[in-house]
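Below is one structure, written out as structure tokens; the observations come after it.
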Amino acid sequence: MGSLLSQLGLECGGKDVREKERHLRANDRELNLSYKYADNAIKTSKYNIFTFLPLNLFEQFQRLANAYFLFLLCLQSIPEVSSLPWYTTVVPLVLVLSMTMAKDSSDDMNRHRCDKQVNNRKVEILIGGDLSLILLYLSLLLQADLLLLSSSEPLNLVYIETAELDGETNLKVKQALTVTGKLEDSIEKLANFNGEVRCEPPNNRLDKFTGTLTLNGETYSLDNERILLRGCTLRNTQWCFGLVVFGGPDTKLMQNCGRTTFKRTSIDRLMNVLVLNIFGFLMIMCLILAIGNGIWEYQEGSKFAAFLPKGVNAPFSAFLTFWSYVIILNTVVPISLYISVEIIRLGNSFYINWDRKMYYPKSDTPAEARTTTLNEELGQIKYIFSDKTGTLTQNIMTFNKCSINGKSYGEPWQKVDFSWNNLADPKFCFHDNSLVEEVREGNPEVQAFFRLLALCHTVMPEEKKEGELYYQAQSPDEGALVTAARNFGFVFRSRTPERITVVEMGELVTYELLAVLDFNNVRKRMSVIVRSPEGKLTLYCKGADTIIFERLNPSCSNLTEVTTEHLNEFAGEGLRTLALAYKDIDPEYMEDWKLRHHEANTAMDEREEKLDALYEEIEKGLQLLGSTAVEDKLQDGVPQTIEQLSKADIKIWVLTGDKQETAENIGYSCNMLRDEMNEVFIVLKHHSTWNSISLVFHEQSFITFLLPIPPHLTLPPPSLSTQAFALEKDMEMELLRTACMCQTVICCRVTPLQKAQVVELVKKYKQAVTLAVGDGANDVSMIKAAHIGVGISGQEGMQAVLSSDYSFAQFRYLQRLLLVHGRWSYLRMCKFLRYFFYKNFTFTFVHFWYGFFCGFSAQTVYDEWFITLYNLVYTALPVLSLSLLDQDVNDWWSFQYPQLYTPGQLNQYFSKRAFVYTVLHSGYSSLVLFFIPWAAMYDTVRDDGKEIVDYQSFALLAQTCLLIAVSIQLGLDTHYWTAVNQFFLWGSLSVYFAVIFTMYSNGMFLTLISSFPFIGTARNSLNQPNVWLTMLLTSILCVLPVVAYRFLRILLWPTINDKVRGRGSTHLSLVRQDKVLPPAPRRVQARRTSTRRSGYAFSHAQGYGDLVTSGKFLRRTPKSRPALFSQTDSPLAQTQPQSYRTISEWEEPPLSP
Amino acid sequence: MGKVKANAGPLARRPDNSAFKQQRLPAWSPMLTAQTVLPFFYGMATVCVLLGVWLLVTVQNTHELKVDYTHAGSCDKCFEKRKDRANANQSCNCTVVFNIENTFKGDVFFYYGLINFHQNLRQYMDSRDDGQMIGRNKNLKNPSSYCEPFMKDKNGLPIAPCGAVANSMFNDSFTLVYHSAASRQVVPLFRKGITWYTDKNVKFRNPQVENKTLTLAQVFEGTGQPLYWQKPVYDLDPWDRNNNGFINEDLIVWMREAAFPNFKKLYGVLNRAIEPFTEGLPAGNYSVDISYNFPVEYFQGRKEVVLSTVSWFGGQNNFLPIAYLVTGCLILLLAVILTAVWWKFAL
């Protein structure tokens, strides 16, 4: 089979010119290469070994802060201006640069690894003649957009699942051109195939493709039917050959992914604003001091010139002083701020990776913080946009209940034993024994019920071994129903276009299939007409209850009433219901009908309408059999999670590509929708629709958007549709206003791009933090658009996870991510910022005050080494330990009181206002920290009469006072004192004293005279009682007002945090030992009796029935093929019944054996 | 399509169950409750008040006397004389008289004080060469450029000690005289032992030469004296040969720059070996004979002489005791308010 290559490697060429048309020829590598189309490799990494250093440095200096420090460094090299030696800037700068560099390099290494993994997925390429003919096997995820050439199936059909693209799990059919289909799997023919393809340039339209194929001089038109898109999965097809049309970034999926934008948190943005303000503030301070210097020089400095001739006039001196003060006061914009913020976020991301309570043992998946820069935003989420399939649900349907002939079955009683039925699916599980008894006793209605389920469907059976049946269903609903029938003794065994073979209670019965009246979204029902071996003609119909009930024989009215009651009950539980009915048909009428049917079928015009009328005619006077209730299984803990999140005042919008009914059903089953809510469901056709709908809203409303419907259609088209009318400019405000008034919002039939648009809309107008959670490729754009994207690593592949910021295996972990990790991250970040600004402002303001005493000469108050090390050594670790370990309340209380989450949404912990308070606080502290030592030392001497008010002693005193005061302040801010906090705090203070004694020692001075002039200062100062008494006084004056204020605040205006903390501390011992368990979360699944809602939902699309009857679908010989697909290939095979487990976040995930 | 597992086993990727990784580190979570805050406030108030009282008593037992001699007494003429730099080389002596009412008991320290002299200007403070003052021969002849414009004299000789700080050294000298009923007695002052030990023994050294027989003058040969000095550095103390050069204690005291523009520096310590000064300075009339050299008129400064005794708490500074008393009272007030609020709202 030619050479097998693992890499689709072509030259990657830059596309300078916009492509107008794509042109390629099969098996002609040179021609194709000459166009320099993008190859299939996806590149996300930024550097290689050689470009790393220059590129990274260039990038880093583009950051304002780093560039600013470079500028400072330049200033410091001017001797007239330099008020601080070079090392005060270089040491932090080098440290920061190298740390960022280390982080960037490890990030890029990860990206390289990821790229390699994605790019090295194996496919087989035929290079016999050359290039891009690709052989695909069953269940393969497509990696490029292909032109389908030939396949293993009759008529060159290929079955694909597009879940990755649009979230729909039903199968779709693509067909190759007949002319290419003839190539089959003959290598020679394929190798000599030299068709030329001309087609549209890469674009993001999933539903459209135009192009031509020229082969042997003839031109064939190509449309979407011939194209297999990247992200589709091959189903029911052994192999197919394809020609690569678009690769890598050109594929429609990738084009649809939306731009990857660099995400910034709101704190980031606030920080940038603040930093700019601080710059302004810095300039003002410098200006004041420079003006002061000008005045001082004019009044006194000139007279002092005898002692200090400077040879500059007052204005020029003021100018120089301005820049000198820019250097000295630069600590208000500390370079270590950014690096510390990064470290804190990284640390908090690791906690997410490490969290056992977000680890899913079944798939061995821990949670993963893929982006490490967004943590605190997790504590501020206001809107959650959730996908449905695979995110809220498991995408598994189970046959849960049914109502047959007025009797409801399926109350959970005990598990039914199906061992009597040797064809039963062992994974199927049902809980009501009485139903089995009825079947085995031969209750005719019950038997008819299951016969209907075994006959009326479009499922394809596959029997690899005798008795081992696998069903390939177009929709999981249908699979569940047929499987149910199978287990209850009506085993659908095989089908041909004319026949359906069923094993009825052990007996082989073959029915003749006369007609399939297929399902579509208008009809909302499907019927089959079969002839039993006895020759009896019967129409079996299943469909939406409302539709079926309209077509019932009046004699069923009693039964209808009872069944309706049951249906309401089922619907109230969020089950998806279908009503079943049958009708015996008169053979003569049937003959006539068949004739007319054939006529209609071959009619040239108005075929659809004619067929519809015929169907309508025969599906009348039905006899009701009962109804089925299928559960679209929710993931564990979804209702509880949603309840918790809404208690935390987070709004959840469900955006799904699925149908309205299905989506609403899920809404009910996960408690987002309740019966007492008013339904406002809006079909957005075009502008006028808005005006015609008058909406009355109140709190208890929910809204379902059907987005969008092209104006010429009355109903949603079944495939991927486009055009976002509601998201047009003039409509979006309306949409948003309406949506925000409702308690619950569900948007149905949205395309991936529209999901992103909805998110963008909320982002744009609500100024709220949004989170998007999804699991499939169709969620990628929304995940990228939202402030935070969360990927559920479920069944729909890795696409969502790869573009997400956080990923984990179960939806329910979202509450831990937000309520615990998010809250803590936000709290920690805010505490950090407040404290960090406090300590730096305090530090800097003292310089400002000193300016008034030193003739505004830009003299520093502190030792230069202290200035260098203050942020990097003396205060770095304690504040880091605060911002990595602090918890105001522990995770248990966070779950008990989801309201604790709201301060984050309201930006309460760090805002401009909080920042102003911080500045005022540091202003007060700096006044204390400068003027108390000044007054205490003024005009005094040591206890031996010698000097103590010299500059060096005062510097030591001022810096020690400062360090002690900010350390105590840190202690006040710490709510959670671990050993690490203690160690770092005391350790840093000890290090400070160790360092000053070392730096002020004889040895250091004699080694480097000019750098360590403070020799002996520590020894001579710190043995003086008045120095220590001064430190004590400054500490008291700095701290006690804060303590008093906080005490009063807790007493008079306690926040929810204070209350919970208060409660927490009284139960502290208990909580810490995990003895208090939360009240077992009840399953919020109250029985509702709905009288107005239909539980009908059926994820099914039109167009399948034709295939069944035309025989296209049917394989040649089922047994001739090797068993290529294993059990796990079909989604149905995974239908493992799972009993519902109540989630207690407190308990460890159970170990799976 | 799952990720390749790093190591085998069903739970291979399960995170560790360590207290740190699960954020369950044992911790102490203090709360600001009335039970902790109120006693703390009362305690702090008591401590502050007691400390304040104790300090106040201590400070009250020290004595201090300041005499401003800028143009007091006969110094007026010297003040006028120093206005003109042309008279810099003419000496001018004057006397100030004062009276001590109560005996200064214990060690008495004699300071000179300067008002409005900015030793803390950045450019001024930088203008010195510690390498020269520690006796590095290289720096002696080749001082740091920071010393500009006091690096070389007009003959091009390197100045030792160089820089603005040394150049502006205070050069008044004082003789304190006690006028007892009987006689006029010069009060004996120790003019050594007035510096920090580390300054005298580590930070300031005379240049080291191999030939130990050289006199200090020879060691300093090839250097010029600071522009404003009347004497070269090796001749600062004519009475004590070991108190010359860079280790001259007056120079060392001056070189330790003051943090604020108003400061006093130690000039001498009372020698209590001689009668009648064994107990301290007795009450009575005193005068100070001043060799008035240092011009202060340029910068509108003032000069003073300070006599002071010290306690364990240092010199006479009333700020700390009063501050402690005031703080103590404020805390007490705050504590009472907090108690009242707590009483009203929490109980």
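The backbone N, Cα and C atoms fix where each Cβ goes, and this holds for glycine too.
Per TrEMBL, the range carrying the annotation transmembrane segment out of A:124-147, A:316-339 is A:316-339. Set side by side, the binding-site residues A:Thr389, A:Asn778 differ in how many other CB atoms lie within 10 angstroms of their CB, and the most is found at A:Asn778. In the three-state DSSP scheme, A:Arg576 (ATP binding site) is classed as strand. Stretch with the largest number of CB pairs closer than 8 A to the transmembrane segment (A:1027-1048), among A:865-885, A:954-972, A:984-1015: A:954-972. Beyond the transmembrane segment (A:954-972), the same-chain residues lying 6 or more positions past its ends with a Cβ under 8 Å from any Cβ of the stretch are 835, 838-839, 842-843, 846, 860-863, 866, 870, 874-875, 878-879, 882, 925, 928-930, 932-934, 937, 985, 988-989, 992, 996, 1014, 1017-1018, 1021-1022, 1027, 1030-1031, 1034-1035, 1038-1039, 1042-1043, 1046. Counted within 10 Å of its Cβ, the other Cβ atoms near A:Gly657 (ATP binding site) come to 27, all protein chains included.
Summarising the environment of A:Arg576 (ATP binding site), the number of other Cβ atoms within 10 Å of its Cβ, over all protein chains shown, is 25. For the binding site of ATP, formed by A:Asp387, A:Lys388, A:Thr389, A:Glu478, A:Phe519, A:Lys542, A:Arg576, A:Thr656, A:Gly657, A:Asp658, A:Arg749, A:Lys755, A:Asn778, A:Asp779 according to the record, the largest Cα to Cα distance is 33 Å, rounded to a whole number.
As a whole-number mean, the pLDDT of the domain 'P-type ATPase C-terminal' (A:801-1055) in this prediction is 92.
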